[in-house]
Amino acid sequence: MKFKLKGIIKLSKEVPGIEDDLEKFFTEAESDILRRGVPEGQEHEAAHIKSWRLEGDTLHIEMESGRRVRAHDGLLRLKKPLGQLLGPKYRVGVRGISVTDYTMEMKAPGVSGIPSLAELPFVEDAAITDGTIMVRFQPLEESDLRKHVFDRVVKHARTLVESSDDLTVQVTRATPGEIIARSRSRDFFFEGDPTEEAMRLGWVKKFPGRGQWFYGPKITALHRALEEFFIERIVKPLGFVECLFPKLIPLDIMNKMRYLEGLPEGMYYCSAPSRDPETFEEFKNELIINREVPMDLLKRGIKDPGYVIAPAQCEPFYQFLSHEVVSAEDLPVKFFDRSGWTYRWEAGGSKGLDRVHEFQRVELVWLAEPGETEEIRDRTVELSHDAADELELEWYTEVGDDPFYLEGRKVEERGIEFPDVPKYEMRLSLPGREKGVAVVSANVHGTHFIEGFSIREARNLNIWTGCTGIGLSRWIYGFLAQKGFETGNWPDFIGERVEGVENPRIITWPRQD
């Protein structure tokens, strides 16, 4: 690393004739003040004063350094001794210091771009040229330097560089994307777009919110049939017990999960209204008169976000166990939840029924000793394979390349145990498309949530957590993509649950082109 700084030392007044004393002070500082704590042989990494000049009551200084006594730390070190020199002799004090221009250079071989680096606080600009990152900082006041904001930016920059070697690759002993199991080929009975056909038939209707749909009686009957089928084939055989998980998750829980560091842009944030009747009275009056929602008034009546709507569905399980002590003899703890929607903001990523903002899942979560944690995860995958075969669907399972819980852990931290394979992802093949739709995400977290939520075993034995999400909304999409909408092409035990279910008769819907 290399740091180049242009700074200002502001004196309390202009004092002529102090240049000789300043020259002597800076020369001695090179071998004393700026060398303290620097290991022998690494003096070249310490801060050096490249030039200085006095203009009135302002001392302009340029410094360079390596990673030992960074240039801004060197500037801070100069302030007090300089005041002790000038005060008694010239009756002048040092009012403050600031940095007008600061750049950092860092070697990053193989890294071609880190867009988020330029978006960090206090960063003016960032670029990568010939394997070297150049970061230019905004002007910094003394208070910024003393709060170590610069050091935190540097640390985060290093983290971003190191994370370019994906942590998933670092911790996974298998190759992400490697297919580990595949079904036999199946006949497909549909060639169109399932979303378009479902709309044409009136099985779904687009809802005004982005990535949202109204699911009508037919597709809901299919949903319930598949849900009950998976519970009978996967959930009950493994001994999971049903619970009702909250879906409004406090930000503190998401912070413990490291979700806010990893994917803050992928969640819906929620705010509670303030207890201010006057604000809402004004809001109601303007709404009545203008017939438009006065967003400025609404914002005034809403508190800062305090929650997110559940983006992972498993969040309450870790909070339920937080600061609790369990005994290995009583493990595993196995819960499942199917009580409602999961929400993710996909921005421009939402398309049809296969990628929505609001979707249904059966979520399995468990706590066990490491070996059993992996065994449970593997059994959920095996039983999912069996279920897909019984449904006469074509599928494949691969090593996951994006375990959700690794998003916020950009560099591997000491003391956190990771499984050999953090995630398996099962996909249903889609006619005419190379990549199938993901329907099962089976994860082992190691001690990620054990550490984050302070969960402990009574004798300090190792315990891990795991979760498997059975994505009902995507199972339906994959099922319809392969089987089509004619129930005669479906397995009888599914088709009979949907036959006889009809949409209400509405003159204008579904629209017939």
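Glycine is no exception: its Cβ is also placed from the backbone N, Cα and C atoms.
Summarising the annotation, Swiss-Prot assigns L-serine binding site to ALA312, ARG344, ARG361, VAL362, GLU363 and lists similarity to another entry as the type of evidence. Cβ-based neighbour count (10 Å, all protein chains) for ALA312 (L-serine binding site) stands at 25.
Around the Cβ of CYS314 (Zn(2+) binding site), 27 further Cβ atoms fall within 10 Å across all displayed protein chains. In the three-state DSSP reading, CYS314 (Zn(2+) binding site) counts as coil. The Zn(2+) binding site annotation in Swiss-Prot covers CYS314, GLU363, CYS467 and is backed by similarity to another entry.
The feature ATP binding site is assigned by Swiss-Prot to ARG344, TRP345, GLU346, ARG355, VAL356, ARG474, with similarity to another entry given as support.
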For this session: With a 10 Å radius around each C-beta, find which of these binding-site residues (ARG344, ARG355, ARG361, ARG474) has the fewest other C-beta atoms nearby.
Result: ARG355
Exercise. How many Å lie between the Cα of CYS314 (Zn(2+) binding site) and the Cα of ARG474 (ATP binding site)?
Worked result: 18
Problem set entry | Where ARG474 (ATP binding site) sits in the secondary structure, as DSSP reduces it to three classes | helix
Exercise. How many angstrom lie between the most widely spaced Cα atoms of the ATP binders ARG344, TRP345, GLU346, ARG355, VAL356, ARG474?
Worked result: 16
For this session: For ARG355 (ATP binding site) and ARG344 (L-serine binding site), determine the Cα separation and express it in whole Å.
Result: 10
Problem set entry | Number of Cβ atoms other than its own within 10 Å, given for TRP345 (ATP binding site) | 18
